[in-house]
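Written out below as structure tokens is the structure these notes cover.
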């Protein structure tokens, strides 16, 4: 086991991870990116259960599992007993009884995992692939890995998170850990989508007030599927008021980087031609997702082997 590895029973929330655990996962992800290998001779079994649509999280977990040599047990929500009314608890109870070691789960219910990890009967480890508008720890960790590769530290970095704050599990995961790591946080976006909980972690600003000062400019997707009513803004108005235009991009510091968890609404959060601009690290984020998820899986499986 690498000295950068630290065992975890579950990975469900950034609030539950210590700074030491976070840094070890980031550094282990970088080791995997640089070619470290860890073949499993006992063939642990992982099942991915996605109750919400996903491309990057779902597929990068699959690639991570393949690279680690794990056995993957396919789970298709549409053809499972979920459609007969089976609860999430009973689904995971079944997979645990079948001997599945790890379940990667995305679910629309915030904190769905609490009941699962509290159960004395369920022995499978849980990795949260996103719970509604709650937490998204693996996305946060890949974001941190991307920032760390760029700057080599977090202390004193100015990080702005802009967009649909209230509905973003990415924003909530990142604000908690970035503050603990010593970054200075700023939040921008429509006032209708930013609750007071963000004020405990940083300062509310407009994007034009902060764009030329930040080291990291992170945009968030407008999550139409989580809004109770129709669009508050037209796409054009939102982009003009809150998105990354060419003029705003030109105001970024020479050393600043642009991030977005994706999927991207092009010409809404970010102008289409800027998604792959020189300061963009969006593709690198996707790449890093595979390696940090390898580190997460390795750490969870190490915990199981130690018990």
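Backbone N, Cα and C define each Cβ position, glycine as well.
As the structure is a computational prediction, the values presented were derived from the model and not from experiment.
Here's what Swiss-Prot has on this protein:
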type    : residues                        : note
BINDING : 56, 57, 106, 136, 139, 262, 263 : carbamoyl phosphate binding site
BINDING : 84, 169, 221                    : L-aspartate binding site
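Shown on the structure are the features that Swiss-Prot records.
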| residue | record | DSSP (3 states) |
| --- | --- | --- |
| 56 | carbamoyl phosphate binding site | helix |
| 84 | L-aspartate binding site | helix |
| 106 | carbamoyl phosphate binding site | strand |
| 136 | carbamoyl phosphate binding site | coil |
| 169 | L-aspartate binding site | helix |
| 221 | L-aspartate binding site | coil |
| 262 | carbamoyl phosphate binding site | coil |
As a whole number of Å, the Cα atom of residue 169 (L-aspartate binding site) is distant from the Cα atom of residue 57 (carbamoyl phosphate binding site) by 13
Grab the L-aspartate binding residues from the record (84, 169, 221) and give me their largest CA-CA distance in Å. 33
Residue 136 (carbamoyl phosphate binding site) to residue 221 (L-aspartate binding site) - Cα separation in whole Å: 14
Distance from residue 139 (carbamoyl phosphate binding site) back to residue 84 (L-aspartate binding site), taken between C-alpha atoms, in Å: 32
Quick one: of 84, 136, 221, which of the binding-site residues has the smallest count of other CB atoms within 10 A? 84
Highest CB neighbour count within 10 A among the binding-site residues 56, 106? 106
Taking the Cβ of residue 57 (carbamoyl phosphate binding site) as the centre, how many other Cβ atoms fall within a 10 Å radius? 23
